[in-house]
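J.: Shown below is the structure under consideration.
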């Protein structure tokens, strides 16, 4: 009897030990499942997307490819890049001719394509194409971000018209709350879409999406803000980046001998310096030409009586020649040439010089940043939409950095306040506050002799 009792106790202990081992195995299994997924084995420790992301550097239309087949690869690539560079330049000029609205639509289209190229790399890296909702979530966040940023511009520049319609007035008044609510909806959607065994990948792509939004959407919004200040604040910086890119390539192709940076082995000091000098000269020339035309220098304003945007104004002193006294050391030379100690210079040229220096010295680092990103994932280009160049992001990596600089430069050193924005802020006030502001402004203008009131 004692033996039976002892044997039962031993069997029970064995069962407990077995159960404990099974629970430990199950916990280890669950832990592995939480950390790893079935496609991690195929991913391995290395990320190589060279066969997944299409490359456009060596791509060319069949007819052009057949025509250039006899050329060495280096010269074949040079000709293809040259042809499509001019195609893009002429397309850019055509968009400028079409007006500011066309430019804004093109900026939006470029933004969407750049976002798609960056997000597609994320999908390829983390290999979660089959996960529910995540691709939809990425585009939802893009739409939400655009609603917020572009809505801010519409409120600022078209608020006078918006306030005349009850429905639009509500959208204007609660714009930021609506934007926040839309984002919170996406946030909740993301949390509900989390799938066991894919947590790390999903959160990684969530961060990837937001970094892409920061790089692409925010910068395109700043480009739109620059356009509203006058087309010259858009055309000159964009042209400088294009000039620097082209001339650095040309100088590097023909004279490059000294490597510049390891991230981009083909970049040389000769190309960097030659492109910089060419950009400064080009920037001053194009700025001088554009300053002669109100179409390029006038801020974009919505004329309520015309029902459309206009570029008609009296150019500000910033774009008209001003007389400057030259330093004493240069006075003799200037006096020999002009017969006096002063020179006539358009003030905008000084600002153009600052922008050209930035685009030559700092601008290329946007390209280096993109090169490092591509090298991290072993891809040659972001896409293949532009033969000889790659994807849209390959051509606009420096433009976004330049757009931020120009917007900061305008707000720091130019400070051009738009009457449209001021009117919108006034119209958003309560009627009694508007009347109080009117009375205070009238009294101030009268006291300073600017406004003459009729005698009672």
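Counting starts with 1 at the first residue shown.
Backbone N, Cα and C atoms are what each Cβ position is placed from, and that goes for glycine too.
No curator has checked TrEMBL annotations; they are predicted automatically.
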J.: Suppose you had to name the range TrEMBL annotates as transmembrane segment; which of 45-64, 105-124, 205-224 would you pick?
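T.: Among 45-64, 105-124, 205-224, the range TrEMBL annotates as transmembrane segment is 205-224.
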J.: Quick one: which of 14-40, 230-256 does TrEMBL have down as transmembrane segment?
T.: 230-256
J.: Applying the under-8 angstroms CB criterion, which one of 174-193, 205-224, 230-256, 268-290, 345-370 scores highest with the transmembrane segment (78-97)?
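T.: Counting Cβ pairs under 8 Å, the winner is 230-256.
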J.: Which of 137-154, 205-224, 230-256, 268-290, 345-370 shares the most C-beta pairs under 8 angstroms with the transmembrane segment (174-193)?
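T.: Most Cβ pairs under 8 Å with the transmembrane segment (174-193) come from 137-154.
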